[in-house]
Amino acid sequence: MKTKLSTCNVWSLLLVLLVWDPVRLVLANIQEDEAKNNITIFTRILDRLLDGYDNRLRPGLGDSITEVFTNIYVTSFGPVSDTDMEYTIDVFFRQKWKDERLKFKGPMNILRLNNLMASKIWTPDTFFHNGKKSVAHNMTMPNKLLRIQDDGTLLYTMRLTVQAECPMHLEDFPMDAHSCPLKFGSYAYTTSEVTYIWTYNASDSVQVAPDGSRLNQYDLLGQSIGKETIKSSTGEYTVMTAHFHLKRKIGYFVIQTYLPCIMTVILSQVSFWLNRESVPARTVFGVTTVLTMTTLSISARNSLPKVAYATAMDWFIAVCYAFVFSALIEFATVNYFTKRGWAWDGKSVVNDKKKEKGSVMIQNNAYAVAVANYAPNLSKDPVLSTISKSATTPEPNKKPENKPAEAKKTFNSVSKIDRMSRIVFPVLFGTFNLVYWATYLNREPVLGVSP
């Protein structure tokens, strides 16, 4: 029984193999024929679509307005140039419209094509109003995508890198915020022929890749969209606007400018604690800090465009410069009054000595006159001669009169101006910093509003 069963299984397997090979070949031939038929069908569809198609004419010419739906996917944003007031953005720019001439029927609902077909049909003549330079990527082939649906709806996508203008108001620099626009629209068609519409809402029509930020000095806060109509001598045109909201990072400028300025001001106030007689040391402090502030103010302006107004950093540097220069003027004032005080002290000492010498001379002159008047009678009167001798003989036990101490120059003394400056200067500078940082850091960023 076992031998008969095994023999039956072998014959069954051989029979299946003999039957399956022809069936497999037949199925493969059928699939190959279907693929060839599909290619043939698609080729015929495309040929039929382009037969009599004029890509010089827009869809719905003379009947309706062509509506172009757009959205943008940002793959890379930045860098932003402050000196040139421009930014660079890399995007997938998508446009969608309907062309009744491209309706078709076939086994597929969507035809997925490349840039070769895009050059044979009508496409919107979109350009960027504020673009300084735009590049369409062509490596290794033009980065373009075209999809045609069976109802005539087309999706046209291309990869672009755009350098666009970004108007900046730098009054609050470096605590400033900006709204960089990207404006685009039709170059030739007015609003009565072609109009643009955002495909989705504000958050979905312009999307930024999670790793798309290429900003070192800014934070990308978000984006908004808008639409406006501009008038020119050739008609009215639709302009689509996407705003990218930026907030500057202050850390770099704190390290490079603010901290050095603060330390320079503090260093200039160290001279208040030096002796007023230390002229070389205090002069070095004053001149060095003034030159340092000059260098800092020049270097801070190098990274900015040459604007005609003062920025927040300019005001800070100007006030710091005023404090440093005031410290130098304070030393000059202290030095002037110190030397003037010494001069008055010396003059008073000289006057006292002159007065004392004058009184001695007056006494000697009076005595000489008395002697001269009574000299002829001294020999006649023995009493007068005795008195005159006793008058000329000094008294040995007479104590000298107490004379006022001579004024002396006082060294290592502290000026009243220095004492006041030690308190007034730090208090004023601290108050200025408190008001300055509280004003600018708590201020809400002023961003451009989309029309």
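Residue positions begin at 1 at the first shown residue.
Backbone N, Cα and C define each Cβ position, glycine as well.
Annotation comment: Swiss-Prot describes 396-408 as compositional bias 'Basic and acidic residues'.
What Swiss-Prot records for CYS166-CYS180 is disulfide bond. Neighbours of CYS166 (disulfide bond), defined as other CB atoms within 10 A of its CB across all chains, total 21.
According to Swiss-Prot, the signal peptide annotation covers 1-28, on the basis of sequence analysis.
Under the heading topological domain 'Extracellular', Swiss-Prot lists 29-249 (among others), citing a curator's inference as support. When pLDDT is averaged over the topological domain 'Extracellular' (29-249), the result is 91.
Taken residue by residue, the topological domain 'Cytoplasmic' (271-280) breaks down under DSSP into 5 helix, 0 strand, 5 coil. Per Swiss-Prot, topological domain 'Cytoplasmic' is recorded for 271-280 (among others).
Look at the topological domain 'Extracellular' (301-311): DSSP puts its residues at 1 helix, 0 strand, 10 coil. Residues or ranges marked as topological domain 'Extracellular' by Swiss-Prot: 301-311 (among others).
The annotation topological domain 'Cytoplasmic' is assigned in Swiss-Prot to 333-420 (among others).
For 442-451 (among others), the entry in Swiss-Prot reads topological domain 'Extracellular', with the evidence type a curator's inference.
Per Swiss-Prot, the feature transmembrane segment maps to 250-270 (among others).
Per Swiss-Prot, the feature transmembrane segment maps to 281-300 (among others); the stated evidence is sequence analysis.
Long-range contacts of the transmembrane segment (312-332) within the same chain, counting only residues at least 6 positions beyond its ends with a Cβ under 8 Å from a Cβ of the stretch, are 171-176, 253, 257-258, 261-262, 264-265, 268-269, 271-272, 282-283, 285-287, 289-290, 292-294, 296-297, 300-301, 417-418, 421, 425, 428-429, 432, 436, 440. The transmembrane segment feature in Swiss-Prot is assigned to 312-332 (among others); the stated evidence is sequence analysis.
The list of residues near the transmembrane segment (421-441) in space but at least 6 beyond its ends in sequence, with Cβ under 8 angstroms from a Cβ of it, reads 172, 175, 262, 265, 269, 272-273, 312, 315-316, 319, 323, 326-327, 330. According to Swiss-Prot, the transmembrane segment annotation covers 421-441 (among others), on the basis of sequence analysis.
Residues 82-85, 168, 170-174, 318 of the same chain lie 6 or more positions beyond the ends of the topological domain 'Extracellular' (301-311) yet place their CB under 8 Å from a CB of it. Under the DSSP three-state reduction, CYS166 (disulfide bond) is assigned to coil, being neither helix nor strand.
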